[in-house]
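Asker: Got these off Swiss-Prot a minute ago, pasting:
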type	residues	note
BINDING	LYS30, GLY31, GLY32, VAL33, GLY34, LYS35, THR36, THR37, GLU237, ASN264	ATP binding site
ACT_SITE	ASP59	active site
BINDING	CYS273, CYS276	Zn(2+) binding site
Amino acid sequence: MVDEPLEPLEPSLQNLIDQQSLKWIFVGGKGGVGKTTCSSSLAVQLAKKRDSVLIISTDPAHNISDAFDQKFTKVPTKVNGFDNLFAMEIDPNAGLNELPEEYFDGENEALRVGKGVMQEMINALPGIDEAMSYAEVMKLVKGMNFSVVVFDTAPTGHTLRLIAFPQVVEKGLGKLLRLKMKVAPILTQFVSMLGMTDVSADSLSQKLDDMLRVISQVNEQFQNPDQTTFVCVCIAEFFSLYETERLVQELTKCGIDVHNIIVNQLLYTHKSCSMCTSRFKIQEKYLDQIADLYEDFHVIKLPLLEKEVRGSDGIKAFSEHLITPYEPPATNDQK
């Protein structure tokens, strides 16, 4: 018996918009494929259905400020033209120093001293600094109770580290907590010399315990397809498709749901010049491969436009193509 070919899934991100249980949506892929435009557009569409939406840039280039033509910082800021869409930018390479100082406000000086002590301890554990930065941000974000959070991620290598950060942090914090008994007497003696009698190693330990609890919850949510999914963005070229397949495989290994792929920057008219014709044929070739590789995915096709997509109005207009498949205007150019 020969299996009948699967019916293509709807070429739209409507499935994500309708999935009210989603809490975390990651958008990523190779550099230069238009991830930021796509993630910003997705956030705009989600804002139509959800009470509050946050888009976070974890790319040091911080392109969402350029996309919305508005300056964002490490504190969630309302996007111009929206009542329920917020944006923030973090630099994962900055570690705990990137966090707002208000985060370390507490009943006493322990948390402020703890910032420096934690940073020094964390620096002794290779690979955990970036993960801890993500961990602190996730703790902040969870406390803000946004309906859904969209991550505009850095190129693939950084993205995979972001996805894996809960496991890295859980392992690293376990080591830190095991060091507590060794560090506590030294820390207590040090702060008493400075006259800060209300500072204790236990307060720092409690902070680590609290964070570990949050990260354990995040880890569970990341691997729950009802709460977390990943949207891959690519262009119809060899290297981008290769990177996308690698990303899909790595996400699957990590237990992260992925069933939507955006193919961006597609040509729809091509006979006006020889280069356009050549590019069109290349894209057709890789679109066929994408159809074969990802027959059980929603594949969304987005156009290469004549003008940049910038500003809230531009993003709003472009975001409609995530829901309703793009139809090029009729011209003599088309087949």
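Backbone N, Cα and C atoms are what each Cβ position is placed from, and that goes for glycine too.
Let's see these features in context: how buried, what's close, how far.
Answerer: In sequence order, ILE282, GLN283, TYR286 constitute the residues six or more apart from GLU237 (ATP binding site) in its chain with CB-CB distances below 8 Å.
Of all Cβ atoms in the protein chains displayed, 24 besides its own lie within 10 Å of the Cβ of ASP59 (active site). DSSP classifies ASP59 (active site) as coil under the three-state reduction.
Within 10 Å of the C-beta of CYS276 (Zn(2+) binding site) there are 15 other C-beta atoms, taking all protein chains into account.
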Asker: Enumerate same-chain residues with a sequence separation of six or more from GLY34 (ATP binding site) and a Cβ-Cβ distance below 8 A; give 'none' if the list is empty.
Answerer: VAL233, ILE235, ASN264, GLN265, LEU302
Asker: Pick out which of the binding-site residues LYS30, GLY32 has the most other Cβ atoms within 10 Å of its own Cβ.
Answerer: LYS30
Asker: Quick one: which of these recorded positions, LYS30, GLY32, THR36, ASP59, have their CA within 10 A of CYS276 (Zn(2+) binding site)?
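Answerer: Neighbours among recorded positions: none.
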Asker: What are the non-local neighbours of CYS273 (Zn(2+) binding site), defined as same-chain residues 6+ apart in sequence with CB under 8 A from its CB?
Answerer: none
Asker: For THR36 (ATP binding site), just count the other CB atoms lying within 10 A of its CB, please.
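Answerer: Taking all protein chains shown, THR36 (ATP binding site) has 25 Cβ neighbours within 10 Å.
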